[in-house]
Amino acid sequence: GQGCSYGCHPKNISISVESCGITEFILTTICEGQCYLEDPVYISHDEQKICNGDWSYEVKHIEGCPVGVTYPVARNCECTACNTGNTYCGRLPGYVPSCPSF
């Protein structure tokens, strides 16, 4: 059921960016988590929900380099319908428990 405590939420992560041959790490925000989905035994056309959000892009200027680096930032996160135009909406291979323990 919906008893899982792992919902969709923003998470701060560090990513590497490169410009002018210089690499730096910056902090950004991504969407992370699981969305409730009943997986019936029969094939149906239920709308699959994924953890996604509103994204914007920011620019980081590395010292000594005139070329800025654009990187994504999640502004908010929620369980939304899976968009096959920009996301893999198929099943994950293998066994994925509905409420994994991390």
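Just so it is clear, glycine is given a Cβ too, placed from its N, Cα and C backbone atoms.
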As recorded in Swiss-Prot, which of Cys8, Cys20, Cys99 forms the disulphide with Cys65: Cys20
Count of other CB atoms lying within 10 Å of the CB belonging to Cys8 (disulfide bond): 20
DSSP-derived structure type at Cys35 (disulfide bond), helix or strand or else coil: coil
Residues satisfying Cβ distance under 8 Å from Cys35 (disulfide bond), sequence separation of at least 6: Gly7, Cys8, Lys49, Ile50, Cys51, Cys79
Cα distance (Å, whole number) from Cys89 (disulfide bond) to Cys31 (disulfide bond): 16
Residue among disulfide-bonded residues Cys20, Cys77, Cys82, Cys89 with least C-beta crowding, 10 angstrom cut-off: Cys20
